[in-house]
Amino acid sequence: MAKYDFVMLWILTLTAAIAAARPMVVDKGRQITYTGLDRNGIEVFLGIPFGHDTGGKNRFKPPVAVVPPRGSHINATVYGPICPQELRAGSRGKLVISENCLNLNIGRPKNMTSHDKLAVMVTIYGGGYWVGHNQDPRWHADNMVKESVANGRPIIHVAMNYRLGVFGFAQTTALRTERSENAALRDQRLALEWVRDNIAAFGGDPKRVTIFGQSSGGVSVGMQMLAYGGKQPVPYQQGICQSQVLEPGITGNFTSTAMELVTDKANCTSGDFNSEAALACLRELDTETLLAAAIATYQNGVDHNIGDIWLPSVDGDFLPDAPSVLVAQRRFAPVTSMMGWCEDDVTRFVYPNITTSKGVADFIASYAPNVSRKNIDTLLKLYPTDEFPENKTAGLSRDFYRTARIFRDIVMTCEPFLVGEHAAAEGADAYFFSWNQTIAPSALGVLHGADLPYVYANLSAYIPPGSPIRPTASDYELSHRASRSWSTFGSTKEPSLPGHNTFKGFRKSFSKHNEILVFVAGGPNEGLSNIDDHGPHSVIGGQKLRERCAFINSPEMIHELRF
């Protein structure tokens, strides 16, 4: 018995010691306690709810904030559920899906207090508004936080969940009447408001919050800048848009078509998918049935916006007008921004068998069917075949790379110029970058998402098991500079910090004499480049971005591209 008592005492003592070692945050004003975990040399707080269950009668509706009672203890040691979505085979059974998914994770340096007031970086994940969640190890910012500490400008990182697909972007007349469109963007806004109101208890500064995202995450940052036409106060101070800020198709019919297909597949069509009866039927379905209908009707491919069919809606409320109109009228939050693209951002979406000008024209017409033949011909003239290489070894023609460059500029490159120019006119600094290095070199170049492993200083998370990819010393060095430049931007509103291991000379893009500067990140010619510098060592100048983007950003092209 004595031996048993000793063992039990030892177990209880060990358990108490482990519990005592766990990081804890006490919000004294609200009398709420959060218990987290130590992970990879930082402290993390997982699965913190910021919005109530979005299922049942709350489906498609704007989120409702969670307000814990005074004296609450929140166990933030386990991840919360992810929002309904199509899972990869390897993730099935490992992740909990629920409409009660509005939660966020926080990562911070060790041994902090509420008096520290660190800058805050908030990730909005990408994934085509179809997949994504805050448990994805690719978005883990443990190394980013540690890099920021080593750089002398420590940050706190936050990763949110938001609704996806039909759950987040349902679009009907009935929903618009009750102001329930753009539910996903409203989820994001609520998470940012939670950060504004609560992050001080974790040692964060609510007046130094940067939102950043890649692909549809970048579009989300853009939409948050445009939210409410800039008439409401914003719960952040800077934004970073990686590989998209706006998106062609937002004012088109991709989402309404997808909505009609889902409603019909779910047997909720009563003659009109826009009706209140159809909406009531969709709200009565269980999560699995509605998700199955969405998966069964999901359309991918170039002729379906490369899979981006669930898009923000011009609802007259969150987005009071078309994004291009809001930008042109300068109805947006004039915050400091950083926007960029990867050198060969969309190459993997282009058909490899394109070998002629007709093939180029047909591809553009398939992607953007409302662009006139006249304007497609103008694009072909602006991007002559002989300005592009061919890769005989890979079997890729000049017209393949020509198509990829036109497509990249339409989707990724020219919209930052549009937004940045108007933001600069409102006194908001804009920084442009072109990403020019990858951990996985190929004939396709520096692809969509190539920047992410470096920004998060998390190269291994982007290498599939069994892959022959081996990052080089240059890759690891770039990951230090990139991650520290992103966190430096969050701390100082500038990505370069003299005397620190950040990008050197990364200055704002609109400065004087009508020049436009782009920082080339990575590759053999890293550094600031003028888009009009056509010298032999200029990476950007030879791309004729001023002339080409002036056409792509013209009112006629914007109308035909539907944004």
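Note that Cβ sites are derived from N, Cα and C of the backbone, with glycine treated the same way.
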Legend entry - Residue among C241, C281 that, according to Swiss-Prot, closes a disulfide with C268: C281
Legend entry - Per Swiss-Prot, cysteine bonded by disulfide to C83 (from C101, C241): C101
Inset, instruction - Quick one: pull the CA-CA distance for S215 (active site, acyl-ester intermediate) versus C101 (disulfide bond), whole Å only. - result: 22
Legend entry - Around the Cβ of C101 (disulfide bond), the count of other Cβ atoms that are within 10 Å: 27
Inset, instruction - Select the most exposed residue of C83, S215, C268, C281, where exposure means the fewest other Cβ atoms within 10 Å, treating these as the recorded positions. - result: C281
Legend entry - Length of the line joining the Cα atoms of C268 (disulfide bond) and C101 (disulfide bond), in Å: 25
